[in-house]
Amino acid sequence: MTSNARGWPDYTTDLNILTVAQCYQADQEAMARGITGETLMEAAGAAIAREILARWPSGKAAILCGPGNNGGDGFVVARLLKEAGWQVVVGLLGEWSQLRGDASTMAQRWGEDVRPLTVEILDGATLVVDALFGAGLSKPVEGIAAETLEAIGQVPVVAVDVPSGLHGDSTEILGTARPADLTVTFFRPKRAHRTYPGALHCGEVVVADIGIPAEVLDQIAPTLWENDLELWRDRLPRPGWRDNKFSRGMLAMAAGVEMTGAARLAARAAQRAGAGYVLLASPEKASTLYRVSLESVVVKGYRDTLGYSEIISDERVNACLIGPGLGTDFGGMEKVLATLRREVPTVLDADALSLFEGNSELLFENLHGGCVLTPHAGEFKRLFPEFGGEDYLALALAAAKKTGAVILLKGANTFIASPEGEIIVNTGASADLATAGTGDVLAGLIAGILAQTGEPLLSASIGAWMHSRAGKLAGPGLIAEDLSPLIPKILNEINR
């Protein structure tokens, strides 16, 4: 596999997510290697037909074909289903004369009746194949195409590449889009297949191999990956026989007086993630509480910012965490800046971000390349009021480039962006994680891993995946305290 300049993630992995333009480039690179467009289209249609035949008994298929390559794929599906014993009716949007190139070739190979697209095409169908529009659609679906899609009843729908009307990059619905039960795409998925709201319209997604060699990714140089343990499994820190508690990573973290639960959740998570030594700096008046409740965490009390700075100055400290339970009272901002002056890899979460509302440039001036910022949407908007819109991927990337830090923007899809332009998307997190304290656990997991690796993007990716996995294992009714005890089980799963 070929890696980017950083060395990770790998370019040639099944976990790449491509843009619409990059998918087109992949086709062009394949054809430059002698694979014809006709061969690719035949393979695409065959892949769709295989998936249909594996799932549904013979019936009547209504194939809705557009005038482009998606329609060409649809004609291949029609022919192969007919050969397999299905009753097939094909409806074409537009005139036959509009078909060009490989799509025209496949329409001729179909060799059967082709009707103008109308709602009546759907009569009696037990399955609909949506091959009208592809992922690069630039205008709303309207007219007879919209009428036909909206008239589809409760029969299964199989989408070619993406459901018509769904933009592959923005995941925006253009006009209308009939949700699919199955979407078959090719080579690598697009953002619409993996992120919300697009993924809600795709149903089950199958990424079919149609013969495009993985080496074309070297020319494409993707920048977006799906977060999965196979992306980083071989880079996960594992203790060896020579290790001791300090060599496994020493994490220093700040705690406050009021929200002590947040700091405790984060500390436990850091320990569970593998940090060998967690040092918690607490205001003197709260230190006894922390000592009693965190038996294996080393708690040191401080009276002022100078005392805090002395605690975290221990030269054995590999990473810092500040924010969970810190508080926003006087002195909090000074502690954040003191932590950043330590110039070790640092996770900044919650109060460490909120403190700089209206003065974010002061924070940005003191960040360094080892930092990970983990805002939710509200914190992000307060830190970056100049960035508008709801495209979390674009927002995370813009913030990473502005600050020179890794940005983990939390949401239904969590986007993790590096200043160099790499983006890891954490998909499929459990909605049960939307409860108080789970963000503190996430910050602790990332910090605990960061103390071991020193790599912000890698650590944020591993921590986010573990957090999501713990949410799924805990299930409905979970509270934040349920997550950290599940991490050893998750680590065992990873290490199998």
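Cβ from N, Cα, C; glycine included.
Please treat TrEMBL annotations as automatic predictions, because they have not gone through curation.
As the structure is a computational prediction, the values presented were derived from the model and not from experiment.
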Quick check: of GLY378, GLY437, GLY439, GLY444, which does TrEMBL put in the same AMP site as LYS410, GLY411, ALA412, ASN413, THR414?
GLY439
For the AMP site given as LYS410, GLY411, ALA412, ASN413, THR414, GLY439, which other residues of the same chain have their Cβ within 8 Å of the site's Cβ centre?
HIS376, TYR392, LEU409, PHE415, ASN426, ALA429
Going by C-alpha positions, which of the binding-site residues (ALA135, ALA412, THR414) is nearest ASN70 (K(+) binding site)?
ALA135
Around the Cβ of GLY411 (AMP binding site), the count of other Cβ atoms that are within 10 Å:
17
Over the domain 'YjeF C-terminal' (228-494), work out the mean pLDDT and round it to an integer.
97
Per DSSP, three-state class assigned to ASP130 (K(+) binding site)
strand
Listed binding-site residues ALA135, SER138, LYS410, filtered to Cα within 10 Å of SER164 (K(+) binding site)
ALA135
